[in-house]
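K.L.:
Once you've had a glance at the structure underneath, I'll fire off some questions.
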Amino acid sequence: MYHVERPVFNEGYIDSELLHRKKRTPKPFQRRIAEHLRCSSEKAKSVVFGFLPILTWLPSYPLKQYLFGDIVSGISTGVMQLPQGLAYAMLAAVPPVFGLYSSFYPVLLYTFFGTSKHISIGTFAVISLMIGGVAVREAPDSMFAVNGTNASQVVDFEARDARRVEVVVALTTLVGIIQFVLGLLRFGFLAIYLTEPLVRGFTTAAAVHVSVSQIKYLLGVHTARFNGPLSVVYSLDAVFRNIASTNVVTLIIGLVCTVFLYFIKDLNERFKKKLPIPIPGEIIVVIVSTGISYGMVMSENYGVEVVGNIPTGLLPPKIPDFSVFPNLFPDAFAIAVVGFSIAISLAKTFALKHGYSVDGNQELIALGLCNFVSSFFHTFAVTASMSRSLVQESTGGHTEIAGLLASLLVLLVVVAIGFVFQPLPTTVLAAIIMVNLLGMFRQMKDIPALWRTSKIELAIWLVSFFASVLLGLDYGLVVAMGFAILTVIYRTQCPKNALLGQIPDTGLYFDVDEYEEAEECSGIKIFQSNTSIYFANSDLYVSALKAKTGIDPAQLLVARKSQLKYAKRDNGERKAVNHCSPVKKNAVDVELGVTREVVAGAKKQKDHVYTNGQMTENHAESESEDDFFLQRLTPIHTIVLDFTPVNFIDSVGAKTIKSVNILCWCCAGTLLSDLRTLKFFCEPVTPDLIFPTIHDAVLHCKHSRDVPVCPDVQ
């Protein structure tokens with residue numbers, strides 16, 4: 001049982017008598033700066049360990065327990081990373097070998113600077129497609145058109161690809177700088193503004209863009225690459241216009257590879273608990289199709305488009321072209337935020353599953369360094385891959401060592417045997433991309449789930465999806481973020497309002513419209529709105545208060561003042577007549593259209609007894625001018641505002657609420673601090689009208705004329 005016996009507390013008493021603030025002497029500004037800049041061995045160690053997380057776990061790395069799992073995981077992830085690197089380079093509109101570079105340098109760097117033990121950094125379809133859109137926009141085919149035979153125009157593909165590589169490398173450098181600076185400025189919280197429905201709708205839309213862009217490779221038709229609003233529509237239109245020129249051999253190879261990869265993926269999913277490592281379907285397809293293409297000379301005999309030249313070895317570092325930075329900044333910022341959002345969401349998922357923590361700010365710094373440093377070695381922007389991360393985790397990976405081994409496997413291919421993949425048909429890479437998008441398309445199942453749980457989040461998902469499909473990924477992301485912010489405003493403009501009632505024999509209060517047991521207190525309306533009160537919704541708050549309670553506090557205040565005037569007049573008349581006999585008068589307030597009864601009678605005495613938080617009365621006859629001459633105009637004499645759901649209030653909201661004078665408040669300590677800062681407590685509103693709980697406010701309101709002063713608490 002829960003027994004409490006105490007006086008009714010108000011915030012005036014609590015602040016002056018019950019609680020005493022700790023005395024704090026603020027440190028001088030110069031001292032705070034000196035302490036912040038002071039260097040010590042512990043502080044230096046903390047900074048170094050924070051910047052290089054590998055130093056915190058590598059010295060205590062358990063070889064016997066973790067090494068075998070990391071080796072198996074690293075090989076499995078590396079085998080998967082090879083074909084994906086080649087494939088996603090096509091999305092980025094650069095030659096395939098640059099996908100291999102992007103699968104080596106950033107992965108190697110993340111081992112030293114990252115805080116997640118399970119995500120696989122490298123090429124990713126969404127980011128690659130966004131990069132490819134920028135590359136095509138800045139270096140379109142029309143810029144490299146030259147006259148061919150019979151006055152026909154052909155494209156200088158070598159010059160075009162070289163220029164696109166320069167643009168992509170510069171874009172990656174800028175992405176790395178933005179991510180690194182945001183990490184230093186502690187902007188790791190930035191990803192929270194990309195809510196999960198927004199990201200999932202956006203990535204599903206990106207899957208649509210990627211799939212449409214790969215149809216031409218599956219069919220073997222040649223069409224221009226479109227970018228910007230309605231690019232999906234234009235791409236489909238171009239494919240259907242040229243569908244008569246489909247290369248049948250290319251189509252057969254692509255379909256066979258797609259079916260095989262889907263079958264292998266389904267087997268891995270069904271028997272993942274029994275298989276020690278997933279079946280490497282992608283590398284099998286790449287090796288087999290490369291061998292068949294080489295043996296049958298498909299490029300020359302059947303016109304099948306192949307990967308082409310893959311130089312052996314690594315390219316020397318090169319400074320990016322900084323002259324294109326101004327044109328690339330908006331795209332770079334979007335890619336930086338989306339890349340970080342995908343990486344940190346995956347990192348937090350695995351961290352929660354395996355019981356460790358990731359640092360969002362350090363992840364920004366790590367991604368920024370991976371992109372910035374690697375860009376000098378001809379890479380494009382990277383992030384975490386969903387499919388590879390799942391493989392790395394499911395095959396026994398324990399630490400970043402798995403990613404390090406995967407990058408070394410890619411390095412081996414680049415340095416020694418990269419030329420082997422030159423006969424690989426591009427339709428095989430398109431099949432790999434299409435099958436890997438299945439996980440993103442499964443996000444369509446979010447629609448019925450969100451319909452049942454949250455219509456607003458469903459609207460965010462749909463707006464993010466359709467805006468990104470129709471307007472392009474860059475504009476679509478801006479529209480989706482803007483709409484998500486509007487939904488926050490909508491929630492504050494359309495909150496849930498409720499009248500609260502007491503559960504009998506308790507101090508608990510619930511919505512009277514929802515619970516049968518909740519009973520409204522006689523003469524008291526308790527109003528609750530689950531929103532903060534600020535300039536945009538303060539008037540709406542008061543309007544909701546009037547609508548829900550059925551009372552206009554301002555008009556009621558005017559009526560009470562008018563009634564007091566009549567009472568004083570009647571009191572003067574009463575003194576002129578015989579006081580021995582009771583007098584009953586009727587007065588009509590024409591302005592308000594209500595009838596008052598003014599009753600003169602014997603004096604009443606009230607004795608209040610407080611027991612277990614309740615108040616009982618022993619009544620005796622009393623004669624109070626307020627009690628008898630100020631009869632209530634309505635049965636409601638007090639409105640209590642429950643501010644416990646209110647997170648903040650600004651000056652406009654405070655002024656608006658203060659204008660409603662006949663109220664009591666119940667609010668939390670943090671909001672009280674804001675109200676004091678806003679100079680809220682001055683006549684007629686004082687801290688004596690603020691209560692720590694609704695029950696305190698109700699007890700006060702029931703007996704407001706004779707509430708005793710709280711005694712000292714022993």
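Using N, Cα and C of the backbone, Cβ positions are placed for all residues, glycine too.
Residues annotated as transmembrane segment in TrEMBL: 86-113, 119-136, 167-194, 243-263, 275-297, 332-352, 364-384, 404-437, 458-490. Positions annotated as domain 'STAS' by TrEMBL: 514-660.
Show me how these features fit into the shown structure, please.
P.N.:
Here the transmembrane segment (119-136) has long-range neighbours at 77, 81, 84-85, 88-89, 91-94, 99, 102-103, 106-107, 110, 164, 167-168, 171-172, 202-203, 206-207, 209-210, 213, 225, 227-228, 231, 328, 331, 334-335, 338-339, 342-343, 346-347, 350, 367, 370, 380-386, 388-389, 391-392, 403, 406, 433, 436-437, 440, 472-474, meaning same-chain residues at least 6 beyond its ends whose C-beta is under 8 angstroms from one of its own.
Beyond its flanks by at least six residues, the transmembrane segment (167-194) meets 92-94, 98, 131, 134-135, 138-139, 318, 320-322, 324-325, 328-329, 331-333, 335-341, 344-345, 359-376, 378-381, 481, 484-485 of its own chain at Cβ-Cβ distances under 8 Å.
Remote same-chain residues near the transmembrane segment (332-352) are listed as 115-119, 121, 124, 126-127, 130-131, 171, 174-175, 178-179, 182, 188, 190-191, 194, 196, 199, 202-203, 358, 360, 363-364, 367-368, 381-384, 386, 389, 393, 473-474, 477-478 (criterion: CB distance under 8 Å, separation of at least six residues from the stretch ends).
Residues 51, 89, 92, 94, 98-99, 101-102, 105-106, 109-110, 113-116, 119-124, 127-128, 131, 165, 168-173, 175-184, 187-188, 190, 314-315, 317-320, 335-336, 338-340, 342-343, 346-347 of the same chain sit 6 or more residues outside the transmembrane segment (364-384) yet have a Cβ under 8 Å from a Cβ within it.
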K.L.:
Applying the under-8 angstroms CB criterion, which one of 86-113, 275-297, 458-490 scores highest with the transmembrane segment (243-263)?
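P.N.:
Most Cβ pairs under 8 Å with the transmembrane segment (243-263) come from 275-297.
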K.L.:
Residue list, the transmembrane segment (275-297) vs rest of chain: Cβ under 8 Å, 6 or more residues beyond ends.
P.N.:
72, 76, 79-80, 82-84, 86, 253, 257, 260-261, 264-265, 267-268, 304, 306, 391, 394-395, 420-421, 423-425, 428, 431-432
K.L.:
Is the transmembrane segment (86-113) packed against any residues at least 6 beyond its ends, judged by a Cβ distance under 8 Å, and which are they?
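P.N.:
Same-chain contacts beyond the ends: 51-54, 120-125, 128-129, 131-132, 135-136, 161, 164-165, 168, 210, 213, 217, 225, 286, 307-311, 314-315, 362, 365-367, 369-371, 373-374, 377-380, 382, 400-401, 403-404, 406-407, 410-411, 413-414, 418, 421, 424, 426, 429-430, 432-433.
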K.L.:
Who are the chain neighbours of the transmembrane segment (404-437) in space, where the CB to CB distance is under 8 Å and they lie at least 6 residues beyond its ends?
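P.N.:
Here the qualifying positions are 70-71, 73-75, 77-79, 81-88, 90-91, 96-97, 100-101, 103-105, 107-108, 111, 120, 125, 207, 210-211, 214, 217-218, 220, 250-251, 253-255, 257-258, 261-262, 265, 282, 285-286, 289-290, 293-294, 298-299, 304-314, 387, 392.
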K.L.:
The transmembrane segment (458-490): which same-chain residues, six or more beyond its ends, come within Cβ distance under 8 Å?
P.N.:
126, 129-130, 133, 193-195, 197-202, 204-206, 208-209, 227-233, 330-331, 334, 338, 446-447, 450-451, 536
